[in-house]
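Pasting in a structure now, in structure tokens, and then I'll have a few things to ask.
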Amino acid sequence: MARTKQTARKSTGGKAPRKQLATKAARKSAPSAGGVKKPHRYRPGTVALREIRRYQKSTELLIRKLPFQRLVREIAQDFKTDLRFQSSAVMALQESAEAYLVSLFEDTNLAAIHAKRVTIQPKDIALARRLRGERT
């Protein structure tokens, strides 16, 4: 007879657990009676990777136009009241703001990867800004 390789098996030891007949029967009958199907869920990270690919392909602006315009007007009001903006000026500001944020998040992600992490943290943003020579 040929030798077979032995594999380690987990043994619980001690007494065998007592069977609970009432709860098992209730569990088996519940799904068939209700017929409620669990909603489909993707594994963690799948949707995130899909969104990354989607937004890297696209060129449209990601910040909504009106909230950004309100923010620009609110900030400008601190410097001078009754300022008017051409729509093209607000669009140029939004383009440059989004380009800056994308670039900052790229550098932040590199800082997180350098620290052997996949999750970005505020200290990564601080490091990226410091390396760029920006004020903190």
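Cβ coordinates are placed from backbone N, Cα and C, and glycine is handled just like the others.
Relevant sequence annotations retrieved from Swiss-Prot are reproduced here:
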REGION    1-42  region 'Disordered'
MOD_RES   Lys5  N6-methyllysine
MOD_RES   Lys5  N6,N6,N6-trimethyllysine
MOD_RES   Lys10  N6-acetyllysine
MOD_RES   Lys10  N6-methyllysine
MOD_RES   Lys15  N6-acetyllysine
MOD_RES   Lys15  N6,N6-dimethyllysine
MOD_RES   Lys19  N6-methyllysine
MOD_RES   Lys37  N6-methyllysine
MOD_RES   Lys37  N6-acetyllysine
MOD_RES   Lys37  N6,N6,N6-trimethyllysine
MOD_RES   Lys80  N6-methyllysine
MOD_RES   Lys80  N6,N6,N6-trimethyllysine
Which state, by DSSP, holds Lys5 (N6-methyllysine): helix, strand or coil?
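In three-state terms, Lys5 (N6-methyllysine) counts as coil.
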Looking only at C-alpha atoms, tell me how far Lys5 (N6-methyllysine) is from Lys80 (N6-methyllysine), rounded to the nearest Å.
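Lys5 (N6-methyllysine) to Lys80 (N6-methyllysine), Cα-Cα distance: 82 Å.
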Which Cβ among the modified residues (Lys5, Lys37) has the fewest C-beta neighbours inside 10 Å?
Lys5
So, in DSSP terms, is Lys37 (N6-methyllysine) helix, strand, or coil?
coil
